[in-house]
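Encoded as structure tokens, the structure appears first; notes follow it.
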Amino acid sequence: MAFAVSTACRPSLLLPPRQRSSPPRPRPLLCTPSTAAFRRGALSATTTPTPARAALPSTTGRNRIVCGKVSKGSAAPNFTLRDQDGRAVSLSKFKGRPVVVYFYPADETPGCTKQACAFRDSYEKFKKAGAEVIGISGDDAASHKEFKKKYKLPFTLLSDEGNKVRKEWGVPADLFGTLPGRQTYVLDKNGVVQYIYNNQFQPEKHIGETLKILQSL
């Protein structure tokens, strides 16, 4: 009987190791990586996209609000900028006739060159409508002069360095604020905005759309 008791006790001594090996080990292993991840900042990679995504819509949202600065039916704000020859030109100078003011990203870029040449090729139609065409970008006067000469542009190019007028008029940027917007305004002879057209990636469409409006004034 003494031997039977001793053999019965031996299995009971083996039970504690079994309990230690199964429940406690998974629990620490599951908890340790997550806390370590927070301490080491390993989760920063997952949290970084969240603010980035939130920031992008906020810039586009600001642009939409700014876009309301000059709207259809409002009087276009006057400005004075330097032309391709360095002369000061004011918008008020053209009062008494329709004016097409088109903002574009930059000289010598593919889309802007197409747009400028399309305005050039249809310039006689604008003259028949009694309208003046003015192109505005952030390039300096020297860049405008070269651009105008190279493509034989018959209309005025104005230098808005620092994009002051662009901001005052509320021209919205594209690609989350990284690309200056391409926007055209049609003003009647009293300087009132009759039409606003925005199309960054089809620059030549600006010409046909603005001519339709001019011919109806």
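Cβ from N, Cα, C; glycine included.
Look at Swiss-Prot and you will find CYS112 tagged as active site, cysteine sulfenic acid (-SOH) intermediate. Under the three-state DSSP scheme, CYS112 (active site, cysteine sulfenic acid (-SOH) intermediate) falls in the helix class. Under a cutoff of 8 A between CB atoms, and with a sequence separation of 6+ in the same chain, the neighbours of CYS112 (active site, cysteine sulfenic acid (-SOH) intermediate) are TYR104, PRO105, ALA106, SER137, ARG182, PRO203.
If you look up Swiss-Prot, you'll see CYS112-CYS117 marked as disulfide bond, on the strength of similarity to another entry. Counting only residues at least six positions away in the same chain, the Cβ atoms of TYR151, LEU153 sit under 8 Å from the Cβ of CYS117 (disulfide bond).
The domain 'Thioredoxin' annotation in Swiss-Prot covers 70-217.
Sequence annotations record features per position, and here Swiss-Prot assigns transit peptide to 1-66.
Taking DSSP states H, G and I as helix and E and B as strand, the domain 'Thioredoxin' (70-217) has 50 helix, 37 strand, 61 coil.
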